[in-house]
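Student: Pasting the feature list from TrEMBL:
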type	residues	note
TRANSMEM	58-80	transmembrane segment
TRANSMEM	92-114	transmembrane segment
TRANSMEM	134-153	transmembrane segment
TRANSMEM	190-212	transmembrane segment
TRANSMEM	219-237	transmembrane segment
TRANSMEM	257-278	transmembrane segment
TRANSMEM	298-319	transmembrane segment
TRANSMEM	339-363	transmembrane segment
TRANSMEM	401-421	transmembrane segment
TRANSMEM	427-446	transmembrane segment
TRANSMEM	466-485	transmembrane segment
TRANSMEM	497-515	transmembrane segment
Amino acid sequence: MTTTTLEKTPSVAERPVGEFMVDTTPPTPLSEDTMDEADKSLEAMGYTPVFKREFSTWSSFSFAMSISGVYGTLMSTWIYGLQAGGAAAIMWSWVIGGAGAWALALSIAEISSAYPSSGAMYFTLKFLAPEGQVAFLCWIAGNLTCGAGYVNLVGTVTGSAATEYASSQMLLAAISIISDFTYVPTIHHVVAVMALLTVVHASINTLPTLWLNRLTSGYVVFHVSVLVGACVTLLAQKKDKHTFEYVFTDFQPTSGWSPPGFAFLFGCLTPAWIMTSADSTARIAEEAKDPARIVPKAIANATTFTYFIGFLFNLVLVLCMGDPLDLINSPSGQPVAQLFFNAMGRGPAIFFTLCGFIVMNLVAIPGIQSGSRTIFALARDDLLPFSNVWRRISKRSQTPIAAVWIYAALEITVNLLGLASDTAISAVFNVCTVALNLSYVIPIVCKMLYGRFERGPWHLGRWSTAVNVVAVAWNGFMTVVFFFPTNLPVTPENMNYAIIVFTFVLLFSVGFWFTHGRHYYTGPLTQASRQLVVATRREV
């Protein structure tokens, strides 16, 4: 792939709008006295440390657990397994799909140990891909991952937007139960509450890293306590439970697909949603102590814990769910909230649904932190328009506040599509998993193909290649599956328009690369290359 060298400066007409607004003053670096070995390693990779390292082993693990948010996220995505075939589809899609997502997370953990940076998987391509391909691959992976480059409705932003949307739905579902289902949430209510929640979550993310670390440390305790409490209460209150044979063998396909067993694959969207955001933890690497060890351990341990506790939670829910059709047709729009109501009664159902709402908030807050760090990392590399604004670090909080607010604004913008139609917003949300998975798979494939990977202190040893192959094969296959409509026959209302959104994103990114990007973008911009670029521009 041909890229323009720094000596060949593009003409004024060829430059993007944002390039003329580049702030040549780098963020205020940390002093020599406050720099540790992790900061020195970051400098060796070409970046000036600007964040305070507050995240410990425990708070990093809690951050990773909160990003998955298995209790709340499973509540909001359980409908996929129900529609895919009921009990057996729920359980086996978690076992098989979760294993594929687990392999992907372990592969991400291994790479993040070698190259800990806020740029996460996007940044690692600088080291994993051949020099001549770095710029193009980073351009594509960056656009797929950040959701805030030249295409705003992909990857991380859509995932965070979906979390805010689900939080709003869960709160309104609890209100519906309180009203004995006389209140039915409308799309306008969902979007209005979503916008308010997003502003609150963004405001929290303007706090200094020390406070974010303190808040994060308590997430996992509340999260696990609620999940265990819900399981114990369900098992104690529900009298006529299903048998274990029913749990693993009862398959009631309603999708219309033939053979019916194919529909089970759509249930794999639930573990994909919950477990494939492991990269989010890698994005706080510049705020973690000893990130080459702490970050990959947090990813691996949190994903492993999520896989097994998610299996147990699914098992309890299926044992206690009663008739699955009653849950699918719930007036609250939340099958698990309806299950709580049917099995435990009004009071406990309200309590545990509100707990789900709180957990989803605990997913959304670190989600904005992670996403804003991606905005910062890409702006640091001059990949975004107005990069000088988004990479600014607040002197008060030592965090990129401008990046936080533009990220929150993008979340709200995405969710406004819900006012157009459920089909439109579903298409954007479905693209999230596909875009994130592909942006993760690209570095893993480069790691296996080009032999440039130098492992960090945390690695998979002799299992590395096998785990990488499983991660790439399974997630590549599921990328195709997630483009199919979940129900047949296909109508304008149930059509999965994710393929159209994704194709537009990909074609736009590739096209913009050939018409503009290749003339000025050279890949992750280290401090040395930034100084050279600035010097070159001054000569024009």
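Cβ atoms here come from the backbone N, Cα and C positions, even for glycine.
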Student: Give the nonlocal contacts of the transmembrane segment (257-278) in its own chain as ranges (CB under 8 Å, at least six residues past its ends).
Tutor: 64, 67-70, 73-74, 77-78, 80-81, 83-85, 88-90, 92-94, 96-98, 100-102, 104-105, 108-109, 159, 162, 251, 299, 302-303, 306-307, 310, 367, 430, 433, 436-437, 440, 475, 478, 481-482, 484, 486, 488
Student: Please report, as numbers and ranges, the same-chain residues at least 6 past the borders of the transmembrane segment (427-446) whose CB is under 8 Å from any CB of it.
Tutor: 104, 107-108, 111, 121-122, 124-125, 128-129, 137, 140-141, 144-145, 147, 153-156, 158-159, 161-162, 165, 269, 272-273, 276-277, 279, 414, 417, 452, 468, 471-472, 475-476, 478-479, 482-483, 496-498, 500-502, 505
Student: Relative to the transmembrane segment (219-237), which of 58-80, 190-212, 298-319, 339-363, 466-485 accounts for the most Cβ pairs at distances under 8 Å?
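Tutor: Looking at each of 58-80, 190-212, 298-319, 339-363, 466-485 in turn, the most contacts to the transmembrane segment (219-237) are made by 339-363.
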Student: May I ask you to check whether the transmembrane segment (298-319) and the transmembrane segment (92-114) make contact, with contact taken as at least three Cβ pairs under 8 Å and only pairs 6 or more apart in sequence counted?
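Tutor: Output yes: the transmembrane segment (298-319) sits against the transmembrane segment (92-114).
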Student: With the transmembrane segment (466-485) as the reference, which stretch in 92-114, 339-363, 401-421, 497-515 has the largest tally of C-beta pairs below 8 Å?
Tutor: 92-114
Student: Residues of the same chain, at least six outside the transmembrane segment (401-421), with any C-beta under 8 angstroms of its C-beta?
Tutor: 147-148, 152-153, 157-158, 160-161, 164-165, 187-188, 190-191, 194-195, 198-199, 201-202, 205-206, 368-369, 371-373, 375-376, 379, 389-392, 394, 428
